[in-house]
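So the structure is just underneath, and the comments pick up after that.
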């Protein structure tokens with residue numbers, strides 16, 4: 001049997017210093033994301049989304065980032081899914097990007113808001129036909145009796161809408177407006193580099209940067 005306590009990796013690919021990063025965390029994120037793309041990492045646009053239910057119990061899942069700008073980080077989903085219900089109750093959430101090949105993480109915390117109807121319509125129209133039909137066919141997070149019922153629903157929706165299914169009213173975008181963004185670079189002996197950006201209206205960039213102990 002594998003001894004989990006003996007599994008470890010010593011990180012040594014790079015370092016991270018406040019003097020070397022952009023004062024704007026969105027620009028710095030773009031730098032790191034482009035490096036992840038250049039390294040041809042598998043699906044560098046995947047991130048963990050953490051939410052909390054009414055009882056304070058956390059849940060997490062992998063979702064895909066679909067847009068980043070000065071307003072925040074955008075993803076799309078079913079508003080009636082578990083995460084959608086939890087965000088309706090508590091709009092505070094966290095995102096985590098983990099690019100293991102580069103020994104990097106980006107942790108983002110903030111408040112969730114819905115994107116505009118126009119943004120949701122535009123992205124939905126860009127999706128493959130099967131994904132658009134699937135958004136109608138799946139009552140995400142609901143208990144179903146069998147996959148056969150799901151596939152029958154898919155055929156029904158396909159027959160109803162053909163090549164042009166509209167965006168379902170229960171499906172659309174969210175934007176996480178960050179209050180903090182942390183960049184983490186793995187270092188030897190677990191003495192990792194951690195730089196935390198926090199919103200600061202008094203700063204020229206609108207953010208202040210602090211180094212955190214690993």
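Positions of Cβ are set from backbone N, Cα and C atoms, glycine also.
Summarising the annotation, Swiss-Prot assigns substrate binding site to 8, 9, 10, 11, 66, 123, 127, 131, 190, 191, 192 and lists sequence analysis as the type of evidence. The FMN binding site annotation in Swiss-Prot covers 61-66, 76-77, 82-83, 105, 140-141, 184, 194.
Where Swiss-Prot records a feature, it is marked here on the structure.
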residue	record	contacts (Cβ under 8 Å, 6+ apart)
8	substrate binding site	none
61	FMN binding site	48, 49, 83
63	FMN binding site	46, 47, 48, 49, 75, 77
65	FMN binding site	45, 46, 47, 73, 74, 75, 95, 97
66	substrate binding site	45, 74, 75, 76, 123, 173
105	FMN binding site	96, 97, 98, 99, 182, 183, 184
190	substrate binding site	214
192	substrate binding site	11, 184, 185, 186, 214
194	FMN binding site	16, 182, 183, 184, 185, 211, 212, 213, 214
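Its Cβ taken as reference, residue 10 (substrate binding site) is surrounded by 10 other Cβ atoms within 10 Å in the chains shown. Rounded to the nearest whole angstrom, the C-alpha distance between residue 82 (FMN binding site) and residue 127 (substrate binding site) is 22. With respect to their backbone Cα atoms, residue 127 (substrate binding site) and residue 141 (FMN binding site) stand 21 Å from each other. Under the three-state DSSP scheme, residue 66 (substrate binding site) falls in the coil class.
Note on residue 76 (FMN binding site): other Cβ atoms within 10 Å of its Cβ, all shown chains, come to 21.
When secondary structure is read from DSSP and collapsed to three states, residue 190 (substrate binding site) falls in the helix class. Cβ neighbour count for residue 141 (FMN binding site) (all protein chains, 10 Å cutoff from its Cβ): 12. Distance between Cα atoms for residue 10 (substrate binding site) and residue 141 (FMN binding site): 39 Å, as a whole number. Across 8, 9, 10, 11, 66, 123, 127, 131, 190, 191, 192, which the record gives as binding substrate, the greatest C-alpha separation is 43 Å.
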